[in-house]
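J.: My questions will all concern the structure given below.
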Amino acid sequence: MRPSKRAADEMRTISFERGVSKHAEGSCLVKFGDTHVLCTASLEEKVPGWMRNTGKGWVTAEYGMLPRSTGERMRREAAAGKQGGRTQEIQRLIGRSLRAVVDMQALGEMQITVDCDVIQADGGTRTAAITGGWVALHECLRWMEARQMVRVEKVLKDHVAAISCGIYEGVPVLDLDYAEDSVAETDSNFVMTGKGGIVEIQGTAEGVPFSEEEFGALMKLARSGIDRLVSLQKMAVA
């Protein structure tokens, strides 16, 4: 039995709230159960130096956790003077995931930065950030379209979403919360597009290796979860 009493293939309650930031061109507060992430998409009408005069745009991401997003206060990374390795890994993952569904040529020489700030963490912060980050990006592009800068459907080629799966007490389960994630025998994250394309898979065994059959079960769970997330994204931006 899962600590949350959920079925093996049952996700937490997922919600997207758009337009939560007064200043950002696009924003979304995404909730995966008790994991809450504020995603904002900010437009700059310029690109990094290495992309100038290419006619292409760029999408990048930053990620951070508020000090009391966890059970005990975390020291701000800014106070430490540098980002931790985990933070850098996650924000690169978010950026890669979003770029996988963006036509940079159609975006033109502009950059969109998606900031993902974890307000409350209960497992799956990176998957929530990717999924909510797509909604914030969509809202930014919609803002641009209203000003005749781009066409959303030309720039954003597909949905992208992410979900965690793992093996908890010998059973493959979908969308792990912290109580499961912290003791799972296997923990994995799947990033996929709305059309079913695989963007990234991260999978780790904790002590006991997992089999190809178990991986197949996790993949099946992930696909069902991504399908549901994409449906929720569609409703959120409709």
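Cβ coordinates come from backbone N, Cα and C, glycine included.
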J.: Where Swiss-Prot shows Gly124, Thr125, Arg126 binding phosphate, which of Arg75, Arg76, Arg86 is named for the same site?
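T.: Between Arg75, Arg76, Arg86, Swiss-Prot records just one in the phosphate site with Gly124, Thr125, Arg126, namely Arg86.
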J.: For Arg86, Gly124, Thr125, Arg126, listed as binding-site residues, tell me which one has the smallest number of other Cβ atoms within 10 Å.
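T.: Lowest Cβ count within 10 Å among the binding-site residues (Arg86, Gly124, Thr125, Arg126) is Arg86.
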J.: Neighbours of the phosphate site Arg86, Gly124, Thr125, Arg126: Cβ within 8 Å of the Cβ centroid, same chain, sequence order.
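T.: Near the phosphate site, beyond Arg86, Gly124, Thr125, Arg126, sit Tyr63, Ile90, Val118, Ala121, Gly123, Thr127, Ala128, Ala129.
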